[in-house]
Amino acid sequence: MKIADLMTLLDHHVPFSTAESWDNVGLLIGDEDVEVTGVLTALDCTLEVVNEAIEKGYNTIISHHPLIFKGVTSLKANGYGLIIRKLIQHDINLIAMHTNLDVNPYGVNMMLAKAMGLKNISIINNQQDVYYKVQTYIPKDNVGPFKDKLSENGLAQEGNYEYCFFESEGRGQFKPVGEANPTIGQIDKIEYVDEVKIEFMIDAYQKSRAEQLIKQYHPYETPVFDFIEIKQTSLYGLGVMAEVDNQMTLEDFAADIKSKLNIPSVRFVGESNQKIKRIAIIGGSGIGYEYQAVQQGADVFVTGDIKHHDALDAKIHGVNLIDINHYSEYVMKEGLKTLLMNRFNTEKINIDVEASTINTDPFQYI
């Protein structure tokens, strides 16, 4: 398997297009044409993680947090530059799966919920997928070759199906005037043509390409075509809603997940004895969604990186919070390893995948 093949597999199951627009995901450092010798999953790509990959003989690291996030202005032998230089010197490929793994139905938030032992887990804050239904009108004799060209260029595909068109027949009319150069008809004379309306679906990113192809292969000088926007609730969303088997107090629940996640500290906002049943989770830094979570029926909102004033606001408004620290996302190391191994086993791909043993939490606890 080459890096390009691994990227295709990852994109199929955890699409990079579902990442936030500000994010930096995908192949950050590497060569798509090299063979994968092994994969190391990590929360952060630190120098220690790079050394671990080198020791194992693995040439691919998949990290959750992007090492390169903003524009790089220099690569010196210190700080982040040292990490990047070492990756390049040892021909190690670095792939980032950040917010695309956050919003995935099997991603970070699902991994956290399962690690906490929760039940009835479902995605919340679902994304909206944008599609377009394209329709254009073409003379009956040109239908076949026109559809062939669209299909050859990747349009009119639905999952594992290609050449997905709908046709309806009708009668078109037009009158060429002035300096027109009509394929059919004569200047200043109304022409009637048996036409077919062709309809097909495209993804949002294909819109400009579809317009280009229609203009290129349609027999008319000025073809008529429409893009009708369709929005559909996506399977992807930022966060999950889940439940404990039996009601428990806020303090007991906080202590329970501290133990199950094996993290050194947990903070919570709310009355210690308040009963908890439904839990909303956004791993990492999810403040800003806490009130929406309550509106969706959550008894407590679990996230990390909660600041003082956000916690105070929540307390004043009666919103229960639990801060499990940003590093709690470390569960993705084993979770992503499992996802990859399942796919590799299904497709009979013999490549080692290991979760990094390096703790990249920058904090020390006393």
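Cβ atoms here come from the backbone N, Cα and C positions, even for glycine.
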Item checked: Site co-member for Zn(2+) 2 according to Swiss-Prot, given H326, E329, out of H13, H65, H90 -> H65
Notebook entry, point to check: Among D31, D33, D102, which residue does Swiss-Prot name as a further Zn(2+) 1 binder in the site formed by H64, E329?
Noted result: D102
Notebook entry, point to check: What Cα-Cα separation, expressed in whole Å, is found between E329 (Zn(2+) 1 binding site) and H65 (Zn(2+) 2 binding site)?
Noted result: 10
Notebook entry, point to check: If H, G and I count as helix, E and B as strand, and all else as coil, what does DSSP give for H326 (Zn(2+) 2 binding site)?
Noted result: helix
Notebook entry, point to check: Under 8 Å Cβ-Cβ from H65 (Zn(2+) 2 binding site), six or more apart in the same chain: what's there?
Noted result: L43, D44, C45, A96, H98
Notebook entry, point to check: Taking the Cβ of E329 (Zn(2+) 1 binding site) as the centre, how many other Cβ atoms fall within a 10 Å radius?
Noted result: 24
Check: Residues with Cβ closer than 8 Å to the Cβ of H64 (Zn(2+) 1 binding site), same chain and 6+ apart in sequence?
Finding: A42, L43, D44, A96, M97, H98, L101, V108, E329, M332, L336
Notebook entry, point to check: Counting only other Cβ atoms and using a 10 Å cut-off, which of the binding-site residues D102, H326 scores lowest?
Noted result: H326
Margin query: Quick check: which same-chain residues outside H64, D102, E329 lie with their CB within 8 A of the centre of the Zn(2+) 1 site CB atoms?
Written below: L43, H65, H98, T99, L101, G107, V108, G283, G284, M332
